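Notes follow the structure.
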Amino acid sequence: MDSSQMEDGMEMELMPGYLELSTRAFSVVSSAFGECKDCGLELSIRTLLDNAYITWTEILMLFLCTVMWTKVRRGLTLYIFEAQDIAVLLEMVRTAGNPPCDFHSPPSLTELFIEASCQPNTHPSSVSAPDRTAADAEPPFGQWCCIPPKDVSKMPESAWKLVFYTMSWSYSTYLLFFTSYSFFQNPPSVFYDWKSGMSVPTDIAIAYLIQGSFYGHSIYATIYMDAWRKDSLVMVVHHFITLALITFSYAFRYHNIGILVLFLHDINDIQLEFTKINVYFKIRGGKEYLINDVLSNMGAVSFSITWFWFRLYWFPLKVMWATCVTSIKTVPDIPFYFFFNMLLFALLLMNIYWFLFIVLFVAKVLTGQMKEVNDVREYEEEVQTGKLRTETTDQTEEKHEQNGIDKKKHQ
């Protein structure tokens with residue numbers, strides 16, 4: 001492989017192709033496996049005890065921040081997207097009359113509040129409650145925007161993720177492109193000067209604490225707070241693998257490669273949630289807005305392109321080349337070589353799995369089966385005669401009651 005000279009005098013290896021990655025990685029991994037004569041549980045335990053550096057204080061901080069993310073999300077969801085006063089809400093529902101939206105199937109409290117508030121003769125100022133008036137209650141954001149109830153219930157999840165991933169990816173971008181770190185330009189450099197138990201720079205340690213605790217929260221949120229989708233089980237597995245990668249890479253001081261992995265993945269979550277929010281905003285108060293339709297289409301196109309570019313091109317050719325091939329040359333006895341590469345390979349397989357959903361979406365658009373941007377992972381919903389009617393199997397309905405729109409009891 002050719003190499004070029006960096007400004008600091010360090011040689012920078014050029015990025016390989018898929019064929020070179022496959023052949024070299026297979027050769028290096030096979031050779032390492034053949035030379036590992038003492039591999040087994042005993043060696044793994046000894047290596048773990050000798051090379052893993054993480055304190056109980058750090059573990060406690062990770063747990064507390066995980067709880068904090070959950071509490072903050074619940075509080076913001078309640079304050080921004082849900083009614084501020086249940087007594088006022090119930091009184092508004094009782095005096096609402098016939099809802100104008102005429103949605104089929106028994107609505108939830110949030111849906112009733114939205115429908116009641118859309119009535120011309122049921123403005124909050126005309127409803128009273130024993131201790132305070134409805135005018136004193138701030139209407140939820142979704143109701144204020146007149147978004148359909150089926151989308152209001154999913155909007156807090158997308159808004160929450162959009163804000164977090166925008167901040168986290170911006171911070172990773174800052175670390176990789178506006179500091180002295182050259183991990184993106186020269187991925188093999190992530191293992192230069194690696195030492196067991198070496199100190200973690202404060203700026204990277206902060207990123208690890210934020211990301212690790214958020215993925216801990218995301219495991220709970222996917223099961224109990226988010227809408228249940230066709231890939232939700234895979235998403236839970238993904239969060240467990242990501243949390244394991246973050247935790248163990250920190251303990252074994254592979255934090256440099258960890259920042260690169262996070263940078264290559266977070267950008268797609270920004271585009272996904274941005275697209276979904278514009279889909280939710282496309283129809284407001286029964287009227288379709290062109291600007292949100294255009295933004296959702298643009299978001300879907302950029303999401304599809306960057307998913308392949310960041311997760312299926314740069315991720316294997318930068319990250320896995322560094323971890324599979326060059327790491328063992330730089331650090332011959334690198335700890336848990338097989339374990340970390342196995343987790344990264346599992347992450348790559350899940351990226352390919354989700355890319356199939358993107359291909360399915362593009363195929364439906366090209367064949368005319370889908371006229372507008374929609375999340376193909378969602379359980380299908382049909383609109384007939386102006387009424388929203390969800391047609392699913394009993395098993396799907398049970399999943400929704402536990403994990404989807406009706407998970408209010410967990411929030």
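Cβ atoms here come from the backbone N, Cα and C positions, even for glycine.
Those TrEMBL annotations? Automatic predictions, nothing curated.
Sequence annotations record features per position, and here TrEMBL assigns transmembrane segment to 53-70 (among others).
Under the heading domain 'TLC', TrEMBL lists 153-367.
The transmembrane segment annotation in TrEMBL covers 162-184 (among others).
Below 8 angstroms of C-beta separation, residues 61-70, 73, 157, 164, 168, 171-172, 175, 232, 235-236, 239-240, 242-243, 246-247, 250, 255-256, 258-259, 262, 403, 407, 410-411 of the same chain, each at least six residues beyond the ends of the transmembrane segment (204-225), sit close to that stretch. Annotation source TrEMBL lists transmembrane segment at 204-225 (among others).
Outside the transmembrane segment (232-251) by six or more residues, the chain places 52-54, 58, 62, 200, 205, 208, 211-212, 215-216, 218-219, 222-223, 226, 257-258, 261, 336, 339-340, 343-344, 346-347, 350, 353-354, 403 with a CB less than 8 A from a CB of the stretch. As annotated by TrEMBL, transmembrane segment applies to 232-251 (among others).
The transmembrane segment annotation in TrEMBL covers 294-314 (among others). Counting same-chain residues at least six beyond the ends of the transmembrane segment (294-314), those with a Cβ under 8 angstroms from any Cβ of the stretch are 264-265, 267-268, 271-272, 274-275, 278-279, 282, 348, 351-352, 354-355, 358, 361-362, 372-373.
Remote same-chain residues near the transmembrane segment (334-362) are listed as 29, 32-33, 39, 44, 47-48, 50-51, 191, 194, 196, 231, 234, 237-238, 241-242, 244-245, 248-249, 252, 254, 261, 300, 303-304, 307-308, 311-312, 315-316, 319-320, 323-324, 327-328, 370, 374, 376-377 (criterion: CB distance under 8 Å, separation of at least six residues from the stretch ends). The transmembrane segment annotation in TrEMBL covers 334-362 (among others).
Annotation comment: TrEMBL describes 382-411 as region 'Disordered'.
According to TrEMBL, the compositional bias 'Basic and acidic residues' annotation covers 388-411.
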Residues of the parent chain within Cβ reach of the transmembrane segment (53-70), under 8 Å, 6 or more residues beyond its termini: 196-197, 209-210, 212-214, 216-217, 220-221, 247, 250-253
Taken over the domain 'TLC' (153-367), the model's mean pLDDT: 93
